[in-house]
Amino acid sequence: MAQIIDGKALAAQVLARTAADVAEIVAAGGDAPGLAVILVGNDPASEVYVGRKIAQCRKAGIRSIEHRLAADTPQEVVLGLIDKLNADPKIHGILVQLPLPRHIDAALVLDRIDPGKDVDGFHPVNVGRLSTGTGGLVPCTPLGVMMLLDSVIEDYRGLNVVVIGKSNIVGKPVSMLLLEREATVTVTHIETKDLPDVARKADVIVAAAGAPHLVRGYWVKPGAVVIDVGITRVVDHDGNTKIVGDCATHELEHAKAVTPVPGGVGPMTIACLLSNTVTAAKRAAVA
Ligand code: GUN
């Protein structure tokens, strides 16, 4: 049987460490780290994610300040709010929940965030730092994926890793992190030829395609480690909504280890957001 990597338990450890860091900062006379969360419009999934992020901040002692803006808020107003938050020394992290309404240019908005406060790691400066291995803030989901992998892999040198999906949020940044560890990384996507054959050569698969149960048992070689980043909401025959990953996990008994959905990558993403906020606050204190 494949080992199930418990993302919930690992996230709890990261959250406990983050809460301890916050307590230490406050005990030394510093301000509690502050995270501003901007939500434009009322996308139901985004509301759920933002609610979870705020609730976890509270538990860790991070001050979270929520800015809920109407769906028709002009782009200039969002940019003006970011300028104000960039200049506020009590705000250490700024997160703009994606997707943004269509009339807003997401790239322009993300570019406006001070890279030192960009706890999502989406600003081009942080993307550049990641690709050159020169520090910066690392996107939360890839950071969480690496922590999950670190719980079962000691040495990545020469391992064949196949990343499925080339998004800016997961596929590209996780590939950079794995390259830094000297894995041999193959980034695949919707146009990749013979994807099952490519996947079958992998020691590690990171599935981040957003395609429910794309990765079948025969795609995975015995003893491989499989990280499932997919979270797709599907409605079953009884009309119940459930969350489905990118992997047919029930077909992966021959893998070495797999992450479940839910309870794998998801909890790690929020935990890493909080830890990035503390990292940003610590760096601001010594800047
Ligand atoms: N929407 C989906 N995933 C993310 C994420 O990691 N960060 C932000 N800001 N929005 C998202």
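Cβ coordinates are placed from backbone N, Cα and C, and glycine is handled just like the others.
As written in TrEMBL, here are the features:
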{"type": "BINDING", "residues": "Gly165, Lys166, Ser167, Ile190, Ile231", "note": "NADP(+) binding site"}
{"type": "DOMAIN", "residues": "5-120", "note": "domain 'Tetrahydrofolate dehydrogenase/cyclohydrolase catalytic'"}
{"type": "DOMAIN", "residues": "139-284", "note": "domain 'Tetrahydrofolate dehydrogenase/cyclohydrolase NAD(P)-binding'"}
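Binding residues for NADP(+) (Gly165, Lys166, Ser167, Ile190, Ile231) extend across at most 17 Å, taking the greatest CA-CA distance. In the structure shown, across all protein chains, Ile231 is the one of the binding-site residues Ile190, Ile231 with the greatest number of other Cβ atoms within 10 Å.
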